[in-house]
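**Student:** There's a structure below that I have some questions on.
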Amino acid sequence: MKLGFIGLGIMGTPMAINLARAGHQLHVTTIGPVADELLSLGAVSVETARQVTEASDIIFIMVPDTPQVEEVLFGENGCTKASLKGKTIVDMSSISPIETKRFARQVNELGGDYLDAPVSGGEIGAREGTLSIMVGGDEAVFERVKPLFELLGKNITLVGGNGDGQTCKVANQIIVALNIEAVSEALLFASKAGADPVRVRQALMGGFASSRILEVHGERMIKRTFNPGFKIALHQKDLNLALQSAKALALNLPNTATCQELFNTCAANGGSQLDHSALVQALELMANHKLA
């Protein structure tokens with residue numbers, strides 16, 4: 001099957017590699033250089049999203065935010081400048097659910113199919129092919145693309161119609177942010193009280209407080225390893241989507257708003273490109289105490 005992939009960053013590169021390893025011919029485009037491993041697997045690098053679309057049956061998009069997806073789709077050399085008849089656009093970025101519905105409608109009007117399929121699992125999940133994939137769109141289109149999703153992830157769910165995948169991802173990001181904040185508070189509390197955070201985390205991992213966030217991000221906080229698997233700047237973007245959507249729904253998300261303020265503090269102190277586990281640094285600043 002002829003596939004296209006647009007956006008080869010921290011997540012997109014390993015995802016595209018997994019598709020290429022399965023024997024699929026890929027045409028790709030990205031802002032920076034294409035990884036040598038991907039080229040060695042036969043991927044063809046082209047200049048524009050239009051060229052990717054012309055050469056492909058199914059086109060995957062993995063870019064940072066809503067404006068970038070809109071440019072990829074509808075820009076001067078975007079996907080929609082090629083014929084979309086018989087083609088499927090699969091947007092795996094994390095973007096606005098409201099705009100996603102508009103994008104899907106416009107692609108459908110031009111004869112193409114559209115799935116929104118944001119992911120969770122970070123760089124590790126992308127590399128290992130264990131992502132959780134939350135899909136919005138037509139069931140028949142989902143079933144057609146599902147074998148490709150299975151090369152990228154393990155927990156693959158058709159949530160509902162177009163936009164529902166993105167809504168699910170926003171909910172996911174709320175939960176992840178609040179859990180990172182909770183782990184940060186707990187370990188910082190233990191550390192300032194004089195306990196060893198390494199041993200506290202070890203004890204908590206055996207009880208009801210155990211979680212993937214405590215396992216992975218708790219370790220990063222203790223070891224001070226904040227190289228980005230998922231950048232604070234991107235989580236700020238996701239929580240902005242949550243808060244904007246909540247406002248439209250006349251819904252209060254008080255703890256989400258608090259987490260966003262903590263991410264904003266990190267960003268204001270030069271941490272926007274750090275891993276989101278570095279949220280702990282905002283709490284450390286207020287406590288005048290480093291966890292480790």
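We number each residue from 1, going along the chain as drawn.
Backbone N, Cα and C define each Cβ position, glycine as well.
Sharing the record's features from Swiss-Prot:
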type	residues	note
ACT_SITE	Lys169	active site
BINDING	4-18, Ser94, Lys237	NAD(+) binding site
**Student:** Looking only at C-alpha atoms, tell me how far Gly4 (NAD(+) binding site) is from Lys169 (active site), rounded to the nearest Å.
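**Tutor:** Rounded to the nearest whole number, the Cα-Cα distance is 23 Å.
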**Student:** Give the number of CB atoms, excluding that of Gly4 (NAD(+) binding site) itself, located within 10 Å of its CB.
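**Tutor:** Around Gly4 (NAD(+) binding site), other Cβ atoms within 10 Å: 28.
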**Student:** What is the total of other Cβ atoms whose distance to the Cβ of Ile10 (NAD(+) binding site) is within 10 Å?
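**Tutor:** The Cβ of Ile10 (NAD(+) binding site) has 16 Cβ neighbours within 10 Å.
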**Student:** What is the number of other Cβ atoms found within 10 Å of the Cβ of Ala16 (NAD(+) binding site)?
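**Tutor:** Neighbour count, Cβ to Cβ under the 10 Å cut-off: 30.
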**Student:** If you count Cβ atoms within 10 Å of the Cβ of Thr13 (NAD(+) binding site), leaving out that atom itself, what do you get?
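**Tutor:** A 10 Å sphere around the Cβ of Thr13 (NAD(+) binding site) contains 23 other Cβ atoms.
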**Student:** By the DSSP assignment reduced to helix, strand and coil, which category contains Gly4 (NAD(+) binding site)?
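**Tutor:** It is in a strand.
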**Student:** Between the Cα atoms of Thr13 (NAD(+) binding site) and Lys169 (active site), what distance do you get, rounded to the nearest Å?
**Tutor:** 20
**Student:** To the nearest whole angstrom, state the Cα distance for the pair Ser94 (NAD(+) binding site) and the residue listed as 'active site'.
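**Tutor:** Cα of Ser94 (NAD(+) binding site) to Cα of the residue listed as 'active site' measures 7 Å after rounding.
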**Student:** To the nearest whole angstrom, what is the C-alpha distance linking Lys169 (active site) and Ile10 (NAD(+) binding site)?
**Tutor:** 18
